[in-house]
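Participant: Provided herewith is a single structure, encoded as structure tokens, for subsequent inquiry.
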Amino acid sequence: MKAPVRVAVTGAAGQIGYALLFRIAAGDMLGPDQPVILHLLEITPALPALQGVVMELNDCAFPTLAGVVATDDLNVAFKDVDYALLVGARPRGPGMERKDLLEANGAIFGPQGKALNDHASRDVKVLVVGNPANTNALIAQQNAPDLDPGCFTAMVRLDHNRALSQLAEKTGAHTTDIKKMTIWGNHSSTQYPDLHHATVNGKAAMSLVDQTWYEADFIPTVQQRGAAIIKARGASSAASAASAAIDHMRTWAQGTAEGDWASMGIPSDGSYDIAPGVIYGYPVTVKDGKYTIVQGLAINAFSRARMDATEKELREERAGVEHLFAK
Ligand code: NAX
């Protein structure tokens, strides 16, 4: 067994938290030889429920669970953490405008960014799941001036996995037969799931499906999948979101397979003419804990228009939260 690492999870008593913590503790995220100490953050009223979750975690007697810290104090939650999964967020209430939502989440992710800045490991890997995930990640990053901006990422892996599942079903393949799936942009309905570079058993995905299915079926199904789950289940995606968060962190820690890539929401460096700084979904390869944007992909006019539309939304969101950035 390796020395334990510290993993913070916020919103730990919520429904994604309940699907996530047991898998992290079981070694699904960092491997069966990597013990973890969980740092669980909740708001004060949820601490009794969180205690119940801690009791259950202990009752699993996981070989890879080396300790649990449960707290409502940011400074305790992020002390020396190597990984942070920021799940807890303010949901959109009735009549709430996007501006109010961004503002309410700013009040959560600004202080969390500052606490990570002050207490976390210097190469902490931060994944924001709580929506609006990309812009929440930006707010946290902009309140953590002493950390590398690249420490902050947002989750588009659920969209990536949904796209794999749709394409696998359409082509009669398994998701593991598909390589080079890409989600560009925002984790919102403007995201662009791009099949132009994907392969199924080595064949170009676009040669196996027609443009009408791609445009009228595949893209909207992936974009609207979250709403479809809420309609069917009466609650938002939880187990699949938790699974995607595990995938995102495992890829970041352990790397991408040769000949494949993953989609991650990361700070734009201007690649593919996306505004620098916004947290944008890109295809990335990962090696030794560092992600690199896949370069040189041919972008046709269809893709360009969709990549620009989701970038525009992210620039607008950024303009709405700039006053929340640390000076
Ligand atoms: P729940 O409402 O079940 O749980 C959220 C938990 O966060 C609650 O226990 C709440 O007490 C806690 N919380 C709220 N403010 C907090 C704070 N300041 N510090 C610590 N904890 C806090 O929501 P759940 O279904 O678990 O979803 C969590 C977030 O994930 C939501 O914002 C949701 O929109 C987002 N999602 C993101 C997805 C993605 O792909 N990026 C997909 C799934 C999900 O919709």
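Any Cβ shown, glycine's included, is placed from N, Cα and C.
From TrEMBL, here are the annotated features:
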- 5-145: domain 'Lactate/malate dehydrogenase N-terminal' (DOMAIN)
- GLY11, ALA12, ALA13, GLY14, GLN15, ILE16, GLY17, ASN105, GLN112, VAL129, GLY130, ASN131: NAD(+) binding site (BINDING)
- ARG92, ARG98, ASN131, ARG162: substrate binding site (BINDING)
- 157-319: domain 'Lactate/malate dehydrogenase C-terminal' (DOMAIN)
- HIS187: active site, proton acceptor (ACT_SITE)
Participant: For GLY11 (NAD(+) binding site), what is the tally of other C-beta atoms lying within 10 angstroms of its C-beta?
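Facilitator: Around GLY11 (NAD(+) binding site), other Cβ atoms within 10 Å: 23.
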Participant: Express the predicted model's confidence over the domain 'Lactate/malate dehydrogenase C-terminal' (157-319) as a mean pLDDT, rounded to an integer.
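Facilitator: Across the residues of the domain 'Lactate/malate dehydrogenase C-terminal' (157-319) the model's pLDDT averages 97 on the 0 to 100 scale.
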Participant: How many whole Å apart are the CA atoms of ARG162 (substrate binding site) and GLY130 (NAD(+) binding site)?
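Facilitator: ARG162 (substrate binding site) and GLY130 (NAD(+) binding site) have their Cα atoms 18 Å apart.
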Participant: Using C-alpha atoms, which one of the recorded positions ARG98, ASN131, HIS187 comes nearest to GLY11 (NAD(+) binding site)?
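Facilitator: Spatially nearest to GLY11 (NAD(+) binding site) by Cα position is ASN131.
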Participant: According to DSSP, does GLY17 (NAD(+) binding site) fall in a helix, a strand, or coil?
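Facilitator: The residue in question, GLY17 (NAD(+) binding site), is helix (DSSP, three-state).
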Participant: Just how many other Cβ atoms lie inside 10 Å of the Cβ on HIS187 (active site, proton acceptor)?
Facilitator: 26
Participant: Just to be sure I understand the contacts, which binding-site residues have a Cβ under 6 angstroms from any atom of ligand 1? Candidates are ARG92, ARG98, GLN112, ARG162.
Facilitator: none
Participant: Taking helix as H, G and I and strand as E and B in DSSP, count the residues of the domain 'Lactate/malate dehydrogenase N-terminal' (5-145) in helix, strand and coil.
Facilitator: 63 helix, 27 strand, 51 coil
Participant: As a test of the contact definition, list every same-chain residue at least 6 positions from GLY17 (NAD(+) binding site) whose Cβ is closer than 8 Å to its Cβ.
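Facilitator: Long-range Cβ contacts: VAL9, GLY11, LEU40, VAL53, VAL87, GLY88.
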Participant: Need one number for the substrate-binding residues ARG92, ARG98, ASN131, ARG162: the maximum pairwise CA distance in Å, whole number please.
Facilitator: 25
